[in-house]
Every structure is written in C-alpha cells, then in structure tokens.
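> Quick one: the structure is below, questions incoming.
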Ligand SMILES: NC(=O)C1=CN([C@@H]2O[C@H](COP(=O)(O)OP(=O)(O)OC[C@H]3O[C@@H](n4cnc5c(N)ncnc54)[C@H](O)[C@@H]3O)[C@@H](O)[C@H]2O)C=CC1
Ligand SMILES: O=C1O[C@H](COP(=O)(O)O)[C@@H](O)[C@H](O)[C@H]1O
C-alpha cells in the first residue's frame, strides 16, 4: 500500500513492540506527545513523518491524518488505576478527536487499543483463580457486554463504543483489540492472570499488522498469545484477521524462564 499508516503512542511499549518487528513494513507516520528519541524511530521513517502532538489537539491530529490509509491508535493513559480526569481527557476525548479526524480524512481502517480491563469484572471471586488455569473452559469471545474493572476500563469500553458509532455512521472499518498483558522476552513472572493473557512483542506486532491488512467491518478481538492458560478466545482474531500467534506462556516456568533452557 502506498498511503501511510498513522501510529499514535508510538514511543510507548505497544508502539515500540510494533515498530521493533514491523518497522519497515509500512510508510509510517508516528505521533506521540513526547518527543521520540532516534532509537525509537525506524531508519526508514522520515523526520517529517514524526509528529510531537497531543491527540486532544484537533488541528495537530487533522494534520497528522492527511492522506492516511489506516490508524493504529494506542496513545492514552494505560494505567489501570488512572483517575477519571486523565482517562476522560486522554482516552475518551482524545479517541473521539482521532475518529473525527479519521473520518474527515477518509481513513479506511482504525485499530483501537482496548484492554482486558474493559471486561475485568467477569473475573469474579467464584471464577478466580481457576479461570486462569489451562484446564478451565471459561472463555470471553468479544460478544459479551463490557464489565470494566475500573474507570480506565470504562474509558476503554467507551473507546470501543466510539468505534461502533463511527463505523455505523461513517463506514470506517474498526477493530477493537482488547490487549492482554504485553511483556518483552518472557510472560509476566509469578502472575497467573498475566500469564493467561500474555501478549508477546512479536505476536503483538503481527496482530496489529493483521489489523492493517485484513478486511473487516466492526470487530472486537482479544490480543493475547497462543497461551495454554487462557480465558479469552482468539478464534475471532484468527478467523477474521488471520492472526496466527507463535508464543505461549506455557513454554516458560512460572518464574519466567524458558523451559528449553531450564
Ligand atoms: N501494555 C499493555 O499491556 C496494554 C496496553 N493497552 C493499551 O495500549 C495502549 C498503549 O499502551 P502502552 O504502550 O503500554 O502505554 P505507554 O504509556 O507505554 O505508551 C503510551 C504512549 O502514548 C503517549 N500518550 C499518552 N497520552 C497521549 C496524548 N494525550 N497524546 C499523545 N500521546 C499520548 C505517551 O507519551 C506514550 O508514549 C494504551 O492505550 C493502553 O491502554 C491495553 C492493554 C494492555
Ligand atoms: O490495560 C492494561 O492491562 C495490562 C494488564 O493489566 P494488569 O492489571 O494485569 O497489570 C497493564 O499491565 C497495562 O498497563 C494496562 O494498560
């Protein structure tokens, strides 16, 4: 594809996981409110395609969106304990401004970084910790209603609903990726929940590449690796997006050592 892909929150963990693996795959346009040091920018990206801007700045977002084919929208406050004023501004208002600019610019696809915390309240006292274990059959598959864990989760569920609105009224293709727990090199250590929703860096990059390449209308998918322990189904991501993850937290000890090296 000739048109750029806009990546917001490019300097963060998810952004760097993506750029670290598929940094040469697209004509990237990168946006972050923090200046990006050189080591965070792939060599192929021209400095004029790097925008230091806040996603709540309508003019800046409009400029960055010009001629863009697809958006991977990661920028926001990622803290589960984030206060309302921050998620309202960064996650809800910022996402609405991103969508408004995207439809005005005629963007075709919009991938939104949603979260496990949009549905964290399904992890009830009765179900946990059993549901985090590989023998357990409980699965969320994206058809369930949101049940947020916290106000951050409320902001992510709201971002998903903004996508529903902009898809239905402006025909932009939307995929909400409920990301699990992204860690580099090994799954979260000594943390059953985290190991059940581990997303490795390379699977993360592959999943968002699928979001740029696949054809879809409106989707909610889970973003986890192919873990034996799981309470999220990745069937929808496989079927609609062609997601084919390679990592599995079962290939590591509970303490995070690769089993083939123990
Ligand atoms: N890391 C994880 O395991 C998970 C992440 N997510 C979501 O993925 C997205 C990225 O998360 P991380 O990379 O972990 O966070 P991060 O904090 O490492 O990166 C976020 C980036 O967005 C930028 N940013 C924040 N607010 C902004 C604004 N108003 N305007 C412009 N830039 C802004 C920050 O400067 C930062 O570089 C977030 O939306 C988060 O909610 C969801 C589930 C799990
Ligand atoms: O949405 C997010 O989820 C992950 C995992 O949540 P946790 O409660 O198990 O830590 C979190 O690490 C990340 O910061 C957040 O954005």
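Cβ atoms are placed via backbone N, Cα and C, with glycine included.
From a predicted model like this one, the values you see are computed outputs, not experimental measurements.
Per TrEMBL, domain 'NAD-dependent epimerase/dehydratase' is recorded for 5-185. Feature annotation from TrEMBL assigns NAD(+) binding site to 90, 115, 152, 156. For 152, the entry in TrEMBL reads active site, proton acceptor.
Give me the local environment of each listed feature.
Mean pLDDT, taken over the domain 'NAD-dependent epimerase/dehydratase' (5-185), works out to 98 on the 0 to 100 scale.
Look at residue 115 (NAD(+) binding site): DSSP puts it in a strand. There are 28 other CB atoms within 10 A of the CB of residue 115 (NAD(+) binding site), with all protein chains counted.
In the three-state DSSP scheme, residue 152 (NAD(+) binding site) is classed as helix. In the structure as shown, the Cβ atom of residue 152 (NAD(+) binding site) sits within 10 Å of 25 other Cβ atoms.
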> For residue 90 (NAD(+) binding site), which residues of its chain lie six or more apart in sequence with Cβ-Cβ distance below 8 Å?
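When sequence neighbours closer than 6 are ignored, residue 90 (NAD(+) binding site) has 55, 56, 75, 76, 77 within Cβ distance under 8 Å.
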> Consider only the binding-site residues 90, 115, 152: which of them have a Cβ under 6 Å from an atom of ligand 1? Write none if no residue does.
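Checking each Cβ against ligand 1, the ones under 6 Å are 90, 115.
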> I'd like to verify something. Among the binding-site residues 90, 115, 152, 156, which ones have a C-beta closer than 6 angstroms to some atom of ligand 2?
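What lies within reach of ligand 2, judged by Cβ under 6 Å, is 115.
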> Using the centroid of the Cβ atoms of 90, 115, 152, 156 as reference, list every other same-chain residue with Cβ within 8 Å of it (recorded NAD(+) site), in sequence order.
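Nearby residues not in the site list: 76, 77, 78, 82, 87, 91, 114, 117, 118, 153, 155, 159.
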> Using DSSP and three states only, what is residue 90 (NAD(+) binding site)?
helix
> When you measure from the Cβ of residue 156 (NAD(+) binding site), how many other Cβ atoms are you left with inside 10 Å?
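The Cβ of residue 156 (NAD(+) binding site) has 32 Cβ neighbours within 10 Å.
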